[in-house]
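The active site, nucleophile annotation in TrEMBL covers C503. Annotation comment: TrEMBL describes C380, A381, A382, P383, G384, G385, K386, D404, D432, D450 as S-adenosyl-L-methionine binding site. Summarising the annotation, TrEMBL assigns domain 'SAM-dependent MTase RsmB/NOP-type' to 288-564. Annotation source TrEMBL lists region 'Disordered' at 67-92.
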Amino acid sequence: MGVQIVAEVSTGNSVQFLIQKTMMQTSNSPASSFRHTIMPSLPQLLSGRILHFAKLSATSSYESHSTEKVKFPKKISRKPDSGSPPRKTQKLNLEVSPHRAVSAVRLMRIELGGAFADLLNEQGKGSGDNEMGYVERTLGFRTRHLEDRDLRLVTEIVGGTIRWRRYLDHLILSLCHDESTFRSMEPLLLQILRIGFYEITKLDMPPYAVVDENVRLAKVALRPGAGNLVNGILRKLIVLKESDSLPAVKVDGDDRQQARGLATLYSHPVWMVRRWTKYFGWDEAIKLMTWNNSSPSFSLRANTGKGLTGADLVSRLKMLKVPHEPSLYLDDFVRIKTGMQNVIQAGLLKEGFCAVQDESAGLVVSIVDPQPGENIIDCCAAPGGKTLFMASCLNGQGTLFAVDINEGRLRILKETAKLHQVIDVISTIHADLRTFSTDKVVEWDKVLLDAPCSGLGVLSKRADLRWNRKQEDMEQLKHLQDELLDSASRLVKPGGVLIYSTCSIDPEENEERIEAFLLSHPEFDIDPVNRYVPEDFVTTRGFYMSNPVKHELDGAFAARLVRSQ
């Protein structure tokens, strides 16, 4: 079934839409997958640099994008029941559950339109009118506006439904009359069923309320026949769940068959499961997938550039009644599990009081060890989380150059630097690092290459990323990372330091890239990171590695290399 949707990219506080046509894909697994070329979320909300691309070559930009804008489709096409008179569109419907309507539309935008789940889930109350605008254009009606409880439910349902998509589709497929019913299902109908299945199997919501609400949504948004289908399948699911006889997932056979079973049971792509069992073993792979399927926690960094401290941040969180705990590893960082909506609505991010930054990214900055008076360059700087943290460490003394291939994202970084009051030490450079490094006239004390990567260490926060990443991406990324490492090395002065980092847990993007680099660059040596981070994060080779399961942080890697005099 062809559907014209759009991709979204964030530009400051606004969202632009890019043309994208996709097809419902069902050939290899129940979970459909869609590729897109878009850019990461708000700079305050992402700690890692994750590359999205349709095709990458040695000469291509490492973040290609379109600039043609279009509007979101006005309506999802309906299939009227035979003999049913056409129904008038209801502009306001107070009977349909608002959080389910919004969740269904968000899921459509994420899966078919290329939007980011984290961006949509962190918009807060201020986007209520826009939210209902999407609902009306997609479904043909508005519901009442979202209250705080609705917002929390949307966040939970959207994130959970995306994480468990493969497993949910396994259940839906098992309960359909035949496979063709599932394969030909309209995208919106499939999203409604996924929501219902997630609510019943993972949230333990009152089952018959779930049935009634989702049936009503299907009938109003699609047609009566769609509601009848939802009613029959969800009621069958309830009977099976109450009798503890949900369709089982077999994890047996050879390694490939076992990987497919685990991929369905823990809702991950098969290639990821095979890769992780190869590198980490079966038990660790299962623990990692379990972590990725859990609700994520977040860390906030107090903006020391404004003279604020972790104690100031704790005081504000107490006023907002947001549960929190101090970081175990970094001063001025605070962890929160819930309450992000309160933080956003209180304006703490917008005012530059703090930034959302995972401790794993903060520890990379500890490895850079920026000191006042130093001359530092961040080679792939946008969205700017590490850039801003490093700038605050300079205390207004020194220079920090931020290079990025994307001019729009550099503008956002610059605006955020003004907000955080660290703009006086930051200079932005719009350039492709590979070209920029060949024309250099300056060598820097410290060079940070926070390389574009797969993002396999941040899947708990980026629920949608697991379905957008492909195995073939890994080879292209490794080639790009090698090119960028070589380019960054040219900027390091004799006696200077090169820091390579990723938000990946994959050895081929991490240790193997450094080993390959050292073979062709004998002028560099490993500088063990144990002086900069707790010993628990230091590998046998002296690299930094945060393990999501072990440390309860995002997965990240960093190597510190010193150039000989």
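Numbers here mean position along the shown chain, with the first residue as 1.
Glycine residues also receive a Cβ, built from the backbone N, Cα and C atoms like all the rest.
TrEMBL entries are annotated by machine, without manual review.
When every Cα pair among C380, A381, A382, P383, G384, G385, K386, D404, D432, D450 is compared, the largest distance found for this S-adenosyl-L-methionine site is 19 Å.
For the pair A382 (S-adenosyl-L-methionine binding site) and C503 (active site, nucleophile), the C-alpha distance works out to 14 angstrom. D432 (S-adenosyl-L-methionine binding site) sits 21 Å from the residue listed as 'active site, nucleophile', taking the Cα positions as reference. Every protein chain shown contributes to the tally, and the Cβ of G384 (S-adenosyl-L-methionine binding site) ends up with 29 other Cβ atoms within 10 Å.
K386 (S-adenosyl-L-methionine binding site) sits 12 Å from C503 (active site, nucleophile), taking the CA atoms of both as reference points. Distance from the CA of G384 (S-adenosyl-L-methionine binding site) to the CA of the residue listed as 'active site, nucleophile' is 14 Å.
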